[in-house]
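Working notes, beginning with the structure itself.
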Amino acid sequence: AMNASAGTGVFVLSLMSIPISYFFNSLIYSNSLNKSSLCPSVVYGVHAFLSVVNLIIGLEQDSIIDGFVTFYLKEADPHINTAHGHMIAYWDGCVHYLMYLLMIAAITWGDSYRAIGLYWVGSFLTRVIVYILGNVVGKYGIHVGPLFLFHMLYISVSVWACFRVFSQPSTRDVQLLEDQRKSLVHRPLDLMFIIYLIPAMAFCIFRGLVVLDCSSKWCQEYTQQYEPYLKDPSAYPKIQMLVSMLYSVPYYIIALYGLLVPGCEWMPDLTLVHSGALAQAQFSHIGASLHTRTPFSYRVPAESQPVFLLVNVLYALVPQALCYRCAARPAFFLRPTPDKSE
């Protein structure tokens, strides 16, 4: 009879075959089509492979599989064994993995991968910023070792890939611009997004103040009752909230302007980057707040979990809806040409 370790071995090896076969097939195919597409294909192929490795790490950390990366988990930097480390392993192994396959497919078929690429840029950059800064300033800061240098190399290559995404031409179809003549009253969906952006901005600032040790009674009560994870000594939630306050608040102000004033061509691209960033951030934050690797005193209390989940899931999902609205119907954001405005 096959033991559990052998069974999971078969499962993981079959999983690894997906990025390997996909990568080599696209490598050969893109090489025969276009030399300039070879380099991005290689980068995303390697990233897809590393994503599966991350998924294996996450599964082994949670004892779902066994005997694959045990030595690595014992010898690696302790950051990977935190609740936040678990969450980014799962996000990278599932969501980023899917993005890499889609981008490789687009490169192989000669299509633009700008939209999925911009979403990945936002997701990847927020993951990297929070993880690297959290590693340095958190309670494991003194344990930064040689693997940290490998991680920096991986990030450097990924940043190059980010610039490649931005260099992709936009493939937006030019549509009729009747949307631009409509007042806000006749754009009820946009009005709802505008109404949402104001409390979202306030929530973002509020959580930023909480991690900065604001002495307000509201901040103290919120931390104790709803999000004690914000005070976790690993420092990831603190960095996450500070990054959100520094970047999301300006974004909300710019998005308000983009929804009110027609012709802001940058709006669809900006919402793609931000919604990718927020999806990753909220997945990691929600998961780590509830994960057993987080000390009990920093986990969300059971009686507060429904409110915590409602607020945080809404805060993650509404920007995805705004992103879809901007990408699916970009007419309002197109700059009118002189002949059409007459």
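Glycine is treated like the rest: Cβ placed from N, Cα and C.
All TrEMBL annotations are machine predictions without curation.
The domain 'EXPERA' annotation in TrEMBL covers 39-162 (among others).
Note on the domain 'EXPERA' (189-323): mean pLDDT across this stretch is 91. Residues annotated as domain 'EXPERA' in TrEMBL: 189-323 (among others).
For 6-29 (among others), the entry in TrEMBL reads transmembrane segment.
Taken from TrEMBL, the feature transmembrane segment covers 41-59 (among others).
As annotated by TrEMBL, transmembrane segment applies to 88-109 (among others).
The transmembrane segment feature in TrEMBL is assigned to 116-134 (among others).
Positions annotated as transmembrane segment by TrEMBL: 140-163 (among others).
According to TrEMBL, the transmembrane segment annotation covers 191-212 (among others).
What TrEMBL lists as transmembrane segment is 239-260 (among others). Sequence-distant contacts of the transmembrane segment (239-260), counting only residues of its own chain at least 6 positions beyond either end whose CB sits under 8 Å from a CB of the stretch, comprise 126, 129-130, 133-134, 137, 184, 190, 193-194, 197-198, 200-201, 204-205, 207-208, 210-212, 230, 266-267, 270-271, 274, 277-278, 281, 284-285, 322, 333.
Beyond its flanks by at least six residues, the transmembrane segment (191-212) meets 184-185, 218-219, 222-223, 227, 230-231, 237-238, 241-242, 244-245, 248-249, 252-253, 255-256, 259-260, 311, 315, 318, 321-322, 325 of its own chain at Cβ-Cβ distances under 8 Å. Only residues 6 or more beyond the boundaries of the transmembrane segment (116-134), in the same chain, are considered here, and those with a CB under 8 A from a CB of the stretch are 79, 84, 88, 91-92, 95-96, 99-100, 102-103, 106, 151, 155, 158, 162, 164-166, 168, 234-236, 238-240, 243, 269, 272-281, 284, 323.
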